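K.L.:
Have a look at the structure that comes next, please.
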Amino acid sequence: MASPTGPRVTCPEAAVSRTLLLGWVLVQVAGASGTTGVVVAYNITWKSTNFKTILEWEPKPINHVYTVQISHRLGNWKSKCYSITDTECDVTDEIVKDVKQTYSARVLSTPANATGYTGEPKYTNSPEFIPYLETNLGRPAIQSFEQIGTKLNVTVQDPRTLVRRNGTFLSLRDVFGEDLSYTLSYWKASSTGKKMVKTDTNEFLIDVDKGQNYCFNVQAVIASRKANQKSPESPIECTSPEKGVFKDMFFIIGAVVFVAIIFIITLALCLYKRRKARARESGKENSPLRVA
């Protein structure tokens, strides 16, 4: 039986499928040629202490680089850390301009060594960050302390921040004002029981037992915050009444010696003047009388 002859009819569905497949392949090739290895950033976090603020993220780049942009609400994006292979960027100089602003950042990913790259970079947005409410408080230091009798006086030194005013770096107290307080924990050196007192200034004056050694440390506190309210504790300091007695005795002995030296000098001057006066009188008595 002879097979039928005539023109071959092509299935339109198959042609359309082949065309779509070819188009998809061309798009993938074109895209891969400019963005091979580009990975978007993730796990973006703000790390901030006393307003020194670092933006961190992952992953380590392989075939791409990062650029960071930062802005506050209603502000324009400012680029920082251009085309870096690090996974962190110091944005302190931007956030210290106004620590009560709300800041956002984004990390852009672009191909490495892509000269003239004009594609839209991929990016990831950070969480919002308010420095005044979220920066960690740095560890304070005990500037001085003195125990006299039943009184212990402790002075706290404010940590310095990177916020500037008129070219001067401000202290924690300068920035937070009345929002900042300090808590002093103290205990007898021979005991583990602690007591705590609070001050809105930088000085503590507390009652203690005479003749007892005391140890103590301090913390900075921002009670109005919902989180990050407390700083790490300062290094522990301890008093020594024996040293205090020695110090008092040293000043007493020094004062006695000073008075004695003044007395000796005064006495020597008096004796010298008296001796000189006697010598003058003796010279007058022994001089011959003149006859007119």
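From the backbone N, Cα and C atoms, a Cβ is placed for every residue, glycine too.
From TrEMBL, for reference:
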{"type": "DISULFID", "residues": "Cys81-Cys89", "note": "disulfide bond"}
{"type": "DISULFID", "residues": "Cys215-Cys238", "note": "disulfide bond"}
{"type": "DOMAIN", "residues": "18-115", "note": "domain 'Fibronectin type-III'"}
{"type": "DOMAIN", "residues": "135-240", "note": "domain 'Interferon/interleukin receptor'"}
{"type": "TRANSMEM", "residues": "249-272", "note": "transmembrane segment"}
K.L.:
Rank the disulfide-bonded residues Cys81, Cys89, Cys215, Cys238 by how many other Cβ atoms lie within 10 Å of each Cβ and give me the one with the fewest.
P.N.:
Cys238
K.L.:
Within the domain 'Fibronectin type-III' (18-115), what mean pLDDT does the predicted structure show?
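P.N.:
When the pLDDT values over the domain 'Fibronectin type-III' (18-115) are averaged, the result is 83.
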K.L.:
Counting each residue once, how many in the domain 'Interferon/interleukin receptor' (135-240) are helix, strand and coil under DSSP?
P.N.:
8 helix, 57 strand, 41 coil
K.L.:
Using the alpha carbons only, what distance in Å do you get between Cys238 (disulfide bond) and Cys89 (disulfide bond) once rounded?
P.N.:
41
K.L.:
Report, in whole Å, the straight Cα-to-Cα distance of Cys89 (disulfide bond) from Cys215 (disulfide bond).
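P.N.:
Counting only the Cα atoms, the answer is 41 Å.
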